[in-house]
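First up is the structure itself, then whatever we jot down about it.
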Amino acid sequence: MASSTSCLSLLVLVVLASAASAQLSTTFYDTSCPRALATIKSLVNAAVAKEARMGASLLRLHFHDCFVQGCDASILLAGNEQNDPPNLTLRGFDVIANIKAQVEAICKNTVSCADILAVAARDSVVALGGPSWSVPLGRRDSPKAASTSMVLQFLIPATSSLAELIEGYDKLGLNPTDLVALSGGHTIGQAHCTSYQDHIYNDTNINQAFASSLRASCPRTGGGSVMAPLDTATPTAFDNAYFKNLLSQKGLLHSDQELFNGGSTDNIVRNFASNPSAFTSAFVTAMVKMGNIRPLTGSQGQIRTTCSAANS
């Protein structure tokens with residue numbers, strides 16, 4: 001029995017050591033591809049300069065990747081997850097493909113698509129005036145996409161209640177402060193009419209003048225091509241205006257306004273609305289935590305040659 005216990009203890013130590021050696025590192029490519037981060041930044045800056053909305057689109061790609069099956073670039077595999085309803089409006093795949101091609105040209109089979117997504121998200125935030133942070137790296141790419149059931153389970157819809165939002169984030173190891181901070185990413189980007197129709201026509205916790213202005217272009221049914229900025233005050237600047245909007249009941253999505261609706265996250269919203277540095281600090285912390293959701297590391301997964309297809 002003692003011998004068996006010793007063997008088991010040794011096995012546990014080996015597993016823990018392997019896990020520790022496979023952790024993400026901010027210096028992961030310093031030697032293997034020292035120009036990788038500068039290359040990604042340059043191409044993200046060019047894409048955002050061409051279209052400011054692309055910054056929000058690249059940030060959203062990273063979110064949708066990490067929330068389903070972990071940060072493994074499965075969202076980039078052509079078809080598959082991309083065809084599931086919550087992902088149909090994702091964009092920026094061409095920008096990531098271009099970045100991958102340029103990085104492959106300088107460092108073949110070295111930098112994963114999952115890491116490119118993580119760095120591009122950071123660089124997009126910076127390009128739009130937001131904070132910077134050191135991105136832990138060393139993720140590898142999944143050869144398989146997530147199932148539709150997994151997508152629907154982990155991507156939390158805009159119709160969710162605060163309790164559902166908190167529960168959904170908790171499943172991924174993210175707390176209510178992370179939830180509010182990451183929702184602050186809605187300070188940039190736009191949403192389709194179909195995602196805020198119910199909020200502007202049926203909810204009562206919305207500024208009526210704001211709702212009326214939105215109803216002028218977003219019909220009760222249809223309107224799939226109509227879009228509105230998630231932050232009407234400064235739609236292309238990464239700042240804390242999103243939270244100020246919530247205080248005035250001007251959250252575009254039902255799930256946005258749920259964060260300030262007499263519930264447990266009200267004080268977090270108030271703090272972020274009055275203290276920009278508190279928001280940016282919490283956002284950086286939450287982004288690093290999100291980027292650590294079930295990454296493939298070490299010998300797991302692969303380094304895809306092309307982000308849209310698994311290696312043959």
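Heads up, the Cβ atoms here are built off N, Cα and C, so glycines get one too.
Positions annotated as signal peptide by TrEMBL: 1-22.
The predicted model assigns the domain 'Plant heme peroxidase family profile' (23-311) a mean pLDDT of 97. Marked as domain 'Plant heme peroxidase family profile' by TrEMBL: 23-311.
Annotation source TrEMBL lists disulfide bond at C33-C107 (among others). Cβ neighbours within 10 Å of C33 (disulfide bond), excluding its own Cβ and spanning all shown chains: 17.
The site 'Transition state stabilizer' annotation in TrEMBL covers R60. Within its own chain, R60 (site 'Transition state stabilizer') has L90, G92, G185, G189 as residues 6 or more apart in sequence whose C-beta sits under 8 angstroms from its own.
Annotation comment: TrEMBL describes H64 as active site, proton acceptor.
Taking a C-beta cut-off of under 8 Å and a sequence gap of six or more, D72 (Ca(2+) 1 binding site) has these contacts in its own chain: D65, A114, R139, R140, D141, S142, R294, P295, L296, G301. Look at TrEMBL and you will find D65, V68, G70, D72, S74, E81 tagged as Ca(2+) 1 binding site.
All protein chains included, C66 (disulfide bond) registers 28 other Cβ atoms within 10 Å of its own Cβ. As annotated by TrEMBL, disulfide bond applies to C66-C71 (among others).
For C113-C307 (among others), the entry in TrEMBL reads disulfide bond. A simple way to gauge crowding: the CB of C113 (disulfide bond) has 30 other CB atoms within 10 angstroms, across all the protein chains here.
Annotated heme b binding site per TrEMBL: H186, in sequence order. The Cβ of H186 (heme b binding site) lies under 8 Å from the Cβ of L230, D231, Y242, L252, L253, D256, each of which sits 6+ residues away along the same chain.
Residues near C193 (disulfide bond) in space but far in sequence (CB under 8 A, at least 6 apart, same chain), listed by position: S217, C218, P219, G223, G224, S225, V226, M227, A228. Summarising the annotation, TrEMBL assigns disulfide bond to C193-C218 (among others).
In terms of Cα spacing, the recorded positions H64, V68, G70, S74, E81 that come within 10 Å of C113 (disulfide bond) are S74. Taking Cα separation as the measure, V68 (Ca(2+) 1 binding site) is nearest to C307 of the disulfide-bonded residues C33, C107, C307. The subset of recorded positions (H64, G70, S74, E81) lying with their Cα within 10 Å of the Cα of C307 (disulfide bond) consists of S74, given in sequence order. Taking the Cα atom of each, C107 (disulfide bond) and C71 (disulfide bond) are about 21 angstrom apart. Spacing of C33 (disulfide bond) relative to C71 (disulfide bond) is 21 Å (Cα to Cα, whole number). Neighbours of the Ca(2+) 1 site: apart from D65, V68, G70, D72, S74, E81, residues of the same chain with C-beta atoms within 8 angstroms of the site's C-beta centroid are H64, C66, F67, Q69, C71, A73, I75, S142, A145, A146. For the binding-site residues D65, E81, counting C-beta atoms within 10 A of each C-beta gives the highest total at D65.
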